[in-house]
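S.K.: Before anything else, here's the structure in question.
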Amino acid sequence: MTILRKTHPLAKIIYNSFIDLPAPSNISAWWNFGSLLGICLILQILTGLFLAMHYTSDTATAFSSVTHICRDVNYGWIIRYMHANGASMFFICLFLHVGRGLYYGSYMYPETWNIGIILLFAVMATAFMGYVLPWGQMSFWGATVITNLLSAIPYIGNSLVEWIWGGFSVDKATLTRFFAFHFILPFIISALAAVHLLFLHETGSNNPSGIPSDSDKIPFHPYYTIKDILGALFLILVLMVLVLFSPDLLGDPDNYIPANPLNTPPHIKPEWYFLFAYAILRSIPNKLGGVLALVFSILVLAIIPLLHTSKQRGMMFRPLSQCLFWLLVADLLVLTWIGGQPVEHPFITIGQLASILYFAILLIFMPIISIIENNLLKW
């Protein structure tokens, strides 16, 4: 067996990635989210596959096909709600995973970090298109509003929007192509995740102290396999509590109303995991400016490695940076809250201030505080 696992081309890759991988001895539970994201992805692909067996991507029947899944298909309701709430769990793990990377300086592995940003965009695109498929009110109007943002692109904007729609409005062609893309993207995400892992295993994992751990490595199995299984059990517990007790907690009631192009919902808003970006988009009165801010709110992560001015890698021993990091987390929570509120007096100003603070922390305060901490080390 030992000979086979070290010689067989396929077994060698699997064993070197999940069994014999040298891992730092001090990585905390914050390093569990990579495996949890893998589990979420597998879960989403499997539940999605079973949903696709019964779903019809036609404007006339899409809404009723989802109803049919919930009412008539054996355990269809649990598959549907596991898929919908699985997306929420996916994003919770994603945000915590990115937050861990920011806190502990994992962005100092630029290849892994940049593939991660591409993965984030791909998952966001997949989730957006998936939200359109049930063809409820929020599906239709969400698709209309978000795709319409592309019309802000100079010269080609309007043509681009009509090209994406496949007509002059969000209609049958749009739904069909969104279903096709929603089906294929998770497999592209799987391939990207494999590349993400490939780059990570070139350098080895970071650890909480930020100090190279080459002299102190332990095998991944059994130490971290058992740790990952514990994390997975906790993830499944939370997901199943959500699915079985309050499956609609994170959804929008408007999506139980079939799509009607003649009736606009009072408040158009995306799923909760996009609200922070939606708040940044709305905080800028100009359409093109808003779209740029929306894209840059995620793309800003790509320039974080260039703005690293500290002599230490992580924030474990940098209390000033820690304060700033948690201020950023609080700011993102405020943005998420604002994204779900109507566009009226106090919320507009709060949203604009929170958006300015978001970019200011990442682009201005973090590098400056790091320089101050470097100077404090000299005393």
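Every residue number used here counts from 1 along the chain in the order it is shown.
Here the Cβ of each residue, glycine as well, is placed from N, Cα and C on the backbone.
The heme b b562 binding site feature in Swiss-Prot is assigned to His83, His182. Feature annotation from Swiss-Prot assigns heme b b566 binding site to His97, His196; the stated evidence is similarity to another entry. The ubiquinone binding site annotation in Swiss-Prot covers His201 and is backed by similarity to another entry. According to Swiss-Prot, the feature transmembrane segment maps to 33-53, 77-98, 113-133, 178-198, 226-246, 288-308, 320-340, 347-367, an assignment based on similarity to another entry.
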S.K.: Establish whether the number of Cβ pairs under 8 Å between the transmembrane segment (178-198) and the transmembrane segment (347-367) reaches at least three, counting only pairs separated by 6 or more residues.
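M.R.: In this chain the transmembrane segment (178-198) does not contact the transmembrane segment (347-367) - fewer than 3 Cβ pairs sit under 8 Å.
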S.K.: Take the transmembrane segment (113-133) and find every residue of the same chain, 6 or more past its ends, with a Cβ under 8 Å from one of its Cβ atoms.
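M.R.: Residues packing against the transmembrane segment (113-133) from afar: 55, 57, 62, 66, 87, 90-91, 94, 97-98, 101, 106-107, 139-140, 142-143, 146, 174-175, 178-179, 181-182, 185-186, 188-189, 192-193, 195-196, 199, 270-271, 273-274, 298-299, 301-302, 304-305.
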S.K.: Fewest other C-beta atoms within 10 angstroms of its own C-beta: which of the binding-site residues His83, His182, His196, His201 fits that?
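M.R.: Taking His83, His182, His196, His201 as the binding-site residues, the minimal 10 Å Cβ count falls on His201.
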S.K.: Far apart in sequence but close in space: which same-chain residues, 6 or more away, have a Cβ under 8 Å from His97 (heme b b566 binding site)?
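M.R.: In sequence order, the residues whose Cβ lies under 8 Å from that of His97 (heme b b566 binding site) (at least 6 apart) are Phe33, Gly34, Leu37, Gly116.
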S.K.: Taking just the CA atoms, what is the gap between the residue listed as 'ubiquinone binding site' and His182 (heme b b562 binding site) in Å?
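M.R.: Here the two Cα atoms lie 29 Å apart.
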S.K.: Given a Cβ distance threshold of under 8 angstroms, which distant residues of the chain, six or more beyond its ends, lie next to the transmembrane segment (226-246)?
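M.R.: Residues 29, 32-33, 35-36, 39-40, 78, 81-82, 85-86, 88-89, 93.
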S.K.: Can you name the far-off residues of the same chain, 6+ from the ends of the transmembrane segment (288-308), with a Cβ under 8 Å from a Cβ of it?
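M.R.: Sequence-distant neighbours of the transmembrane segment (288-308): 98, 102, 105, 107-108, 110, 113-114, 117, 120-121, 124, 149-150, 152-154, 276-278, 280-282, 355, 358-359, 362-363, 366-367, 370.
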S.K.: In whole Å, how far does the CA atom of His196 (heme b b566 binding site) lie from that of His182 (heme b b562 binding site)?
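M.R.: A Cα-Cα distance of 21 Å.
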